[in-house]
Amino acid sequence: MKPHSRWKKGKHVEDASDVKEHFIKDCSFDEPYAVFCGVASCEEKIIENNELSRTREKRERTDKRKSNNRHGIRKTSNYCRNRYSNIFRSAIKMVSLILLSVLVKSIAAFGESAELDKGRVDILDEGLTVSHENDVVLPIVGRRLSGSPPKAPSLDGASFTTSSLDAAPSTTPPLKATTSLPIDPSCCGDKEKLKVHYSSSIVENEYIVAFNGYYRQEARKRFIAAALNESNVVRWEIVPRNNPAMNYPSDFDVVQIQEFGNKEGLEALKDHPAVKRVTPQRMVIRHLHFVNDTQENIWNDVSFANVSLSENAPKMVGLDLEPREENDLPQDDDEEVKLDEGEEYEGLLPNVNNNYGDEESADNQDESGADCHGSPCHNGNPPYNADTGWPASRPLSRASLTLGTAFWQTTGRHSSRRLLRAIPRQITSTLQADVLWSMGITGAGVKVAVFDTGLSKSHPHFKKIKERTNWTNEKTLDDGLGHGTFVAGVIASSGKACLGFAPDAELHVYRVFTNNQVSYTSWFLDAFNYAILKKVDVLNLSIGGPDFMDHPFVDKVWELTANRVIMVSAIGNDGPLYGTLNNPADQMDVIGVGGINFEDQIARFSSRGMTTWELPQGYGRVKPDIVTYGSLVQGSSMEGKCRQLSGTSVASPVVAGAVTLLASGVLHRGGIINPASMKQALMASARRLPGVNMFEQGHGKLDLVKAYQVLSKYKPQASLSPPYIDLSECQYMWPYCSQPLYHGAMPTIVNVTILNGMGVSGRIVDPPVWHPYTPQFGHHLSVAFTYSEVLWPWSGHLAVWITVADGAKDWEGTARGHISVTIESPPEEGETQPRVSQVKLPLKAKLITVPPRHKRVLWDQFHNLRYPPGYFPRDNLRMTNDPLDWNADHIHTNFKDMYQHLRNSGYYVEVLGSPFTCFDASNYGTLMIVDPEEEYFPEEVTKLRQDVEAGLSVMVFADWYNVSVMKKVKFYDENTKQLWMPVTGGSNIPALNYLLASWGVALSDGVYEGDFTLGERDMHYATGSSLAHFPAHGTVLRTSLQDHAREMLEAETQTVPDVPILGLLQTQSEDTDAGRLVVYGDSNCLDNSHLQKDCFWMLDALLEFTMSGHIPNVFSSNAGAPVTPTADLPAKMENSNLHKHSKVVEHTLGMEQMRPLPPCPTLTVVTPQPLNVSNKSLNIHVGLKLLSQPEMVAPVAAAVVKMEPPHVQMPAHRGGDNHHDHAHNQGWLNWLGLSEENLPVVIFLSVIALTLLSWYWYRHRHRPKRRRNKLRKVVMAAINGRLPSV
């Protein structure tokens, strides 16, 4: 390989030795450089690098000395004088620095306070102050000259005993600086990553029968028999469940039913008074795949769910994991290297590639020397596999989103060109768990449950495995996969190399997956019931899926939290796409956890909000609740060593471990801790990440120490999430901040979550009250509310509908006020009065005058259907790895980039969540109908035709629809022998043709794809339809595309010339201002879910036509021949299940009929109660602040922890604050070797030293810095306390 020249330290490197040295430094990152270096191992690289550095420095010193002698500069007298002067100045500086450090230490000794709520935590053992600014461990004072971060105390084999505050002086374990391995562990050896997929399917003829209460087995059998014996069921049987919960009362049974088509047995079961619900049984299969980590981009290796589908939808879709194991260290292939206890190591990311558009597996690489393992490497579209229902194609990357282009996604940090380093570290030290450990808080007394793949009883990292239960059909309790071991290790490991947060917690292991990675919904339900019976405190669930309508599972989650079980769940690994939250983490009563990396950036794989339950009429809630480290986190492996994994399923046990640790620290407060109060504390203490919106980070990054401070003083109360509404605050309040309010717009909806820490149930006493601030123009806002009638369990919702009052039509400015809500809960045991909490929700909004009609766009949300509950396939048929269309098709989810582009172009975009009969078309220039799956009411068709005649323009982006292709993409599950048919195609083309028939426009059932050029711009057509009818006076664009339907049905590739894909039409009417119509056959170029090449530029050109009537030259110059009408138009698929999910049609008497047109939503604006608040500088960005207990919370008894020497003896607390402060300060003075008598002298000398140091700096501030030798640099940096923390 020919080495290319580089720029280094401001000069061009051309010398051969310099080039070689530079390449040696790069050998850890690039294999070709290592070949050029000619070194065999990491040790040789480091040695050779050091030798070259010494040789080069010696050569430079020699050249400089010769140059000085040659010019006569170096004379003996000046040399001696300068030499002694330098020594004198160095001595003054050294003494000054030492005295200055003593002064700072002395001041710190007197200035320390036990108040932790001022953003600082003082660790008494070695004087290390942990500052919460910028999350950096700052070594202010202390004996460590290395400046390295404190090591988490080793808990392996340590004994914990509780001592009284009045006892003898306790020994607090010192925080020792950690050592680093001398060799970079990532420069040698291959790395592996773990891909995890979940597939789910319905089990044939098996149903979960949920009862209204808990009954014994005999009673449940009688209920089922009474319902089925009178029906025409061929055979039925209750499936036996052999697990630890079999002898306890249960609220469900699994029944096998064989009957013929009429389904009388199911209907009989549903009609039984003791039966709550009947749902199909589901089987979940997990697939683990190890791939070579060095061959892939570490962030692009997020695999997505491979889901077998059903009309009732699967429950759980897996969360990806990306491991880096401990044996990534330099080693031989057949030898494992174990981390030494108490040591850390630094690793390197393997060739991070910023081309996010390339997502290749280790088994499928390009032609640049990669091995495709026997299969051909395809650079273009993959071939169709005729043996399967879906094309055999590699997954198209979701990573084509342009993360760096959107202003709200910046982290607010400067990014320069640098090598990306992943620094494996103790996650417990990073989150300062050792601060709580030093207080004796180690998780004791808390029961934590891990629902996963099991755990070995003899694993050396776990010392308190209280119970292991098996809920599968295998006769083992051990972990055969490693995932459950890792999750349990993050929570409760006592291994020194990979500590868990709560090593003394009671660990309850629930094995719900087999070694073949199979599970069933009923297994989870039984295990959940058993967890309730065992009174588990914390439960971690590192799995999830998009199906929020799986009622047995969701109902059981509610029941768990109602029984005070704090559930922590991963938010999902489907990022960076918005609207990809997983269930149950999207539940209000569950702590949903997102992932960040160790640079405090949102991990690319972490799913984003909003929740999508509430669409189309409402708006989603804020999720995730909190984020924490989920990238390259260390945990336990099955072999008793450590490994590293990435994913939100890693971030989830991090929070679960932190919650367990926090709960153990406040056990003395009784029953004050519940799912709501814990969630409130985590939210109130979280640190907001700069430049990241709330649908990415929730309330911010986990702050363990601050959360403990909040819990220690917590008072039962209600709170709101988000705690305030500022529609002008960017970037946190995106998308609300992206568009101001104006009169006549669709209501802006803010869906606020109510957390009720006072009790499992509650209610809003009176309707919420809107208090506008009169001096701050709050009366210009009109506010309406919809809210939960009952808050259960622990939570509810408050939807705030905001519009502009009629009197502010021509007003522009900022309006303020606040909303007051009163929450009431029943009294707890021993109380006589209900618990009441009053909550205030500040509101701020920016108002503008009404924009002109040609700048207003209306987005049709009402006619979008998605999964769940039905099988609505993806719009791109190449997306076989995630065929579900489950991202809501909203402008703030998978059409986010398109929305932001329209806003940047000056358009105002509003969302219509009701039928076309419910909007005033005179306010809007264009109605956008994108990827619709719903039918249309006849009243809508008539209304739209009239609106177009009055000047409204309509823009349609359709997708594929072909009955034969729909049958081809059905899912056949080998386990259940069942076929699942899609409800419709990518779009509902028959319904669209019904809507557009008034203008003589129709779409065909052709399915086309391919690349083409339009106006010197490259375009991609991803499995869209074509025009079948279009008026001759319109403008039609044609291009040559591949017939994808033929490829799928006949496995033949055919190019079809002149396919009509785009039509522009000026409608005709008696009114000369009639609207215009645009129809394009593919929406994938707007959809972030499938985006390969965006067509935003074309959208701008089309809007120019619809708003003004001017046809851009790019369309007129490329116009093709008119469309020849065809008689065959797409027809509805027979026996379609669309009526089960539609808001428009229903199935009555064996026929599909239209439902009655629903009334348009009306809002009752509340009567405002103005307040004369005139403080214009009022800051509403106060975050979530919780009320504290008025009395001081009893301090936690200190613990004696047996650690390695040296020990630092601290004086005992004799009781009382004054005694505590005096003992604290006296301990510092003794540690410094000072007394109260000589302290003034030391301060005086320190002031003199500071003066001399200032004089020295002033005299030499303009002189260039001289080169220091390395040893002197290290000593000076250590004295100054500037060594960087790891």
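Each Cβ is built from the backbone N, Cα and C atoms, and glycine gets one as well.
When TrEMBL is compared with the stretches 147-178, 307-338, the one noted as region 'Disordered' is 147-178.
SER649 (active site, charge relay system) sits 11 Å from ASP452 (active site, charge relay system), counting Cα to Cα. Rounded to a whole number, the C-alpha distance linking HIS483 (active site, charge relay system) with ASP452 (active site, charge relay system) is 7 angstrom.
Applying an 8 A CB threshold to same-chain residues 6+ apart, the list for ASP452 (active site, charge relay system) reads ASP479, HIS483, GLY484, VAL487, ALA488, VAL509, TYR510, ARG511, VAL512, PHE513, SER542. In the predicted structure, the domain 'MBTPS1 third' (721-848) carries a mean pLDDT of 96.
If you count neighbouring Cβ atoms within 10 Å for each of the active-site residues HIS483, SER649, the highest count belongs to SER649. Taken through DSSP, the domain 'Membrane-bound transcription factor site-1 protease-like N-terminal' (202-282) splits into 20 helix, 35 strand, 26 coil.
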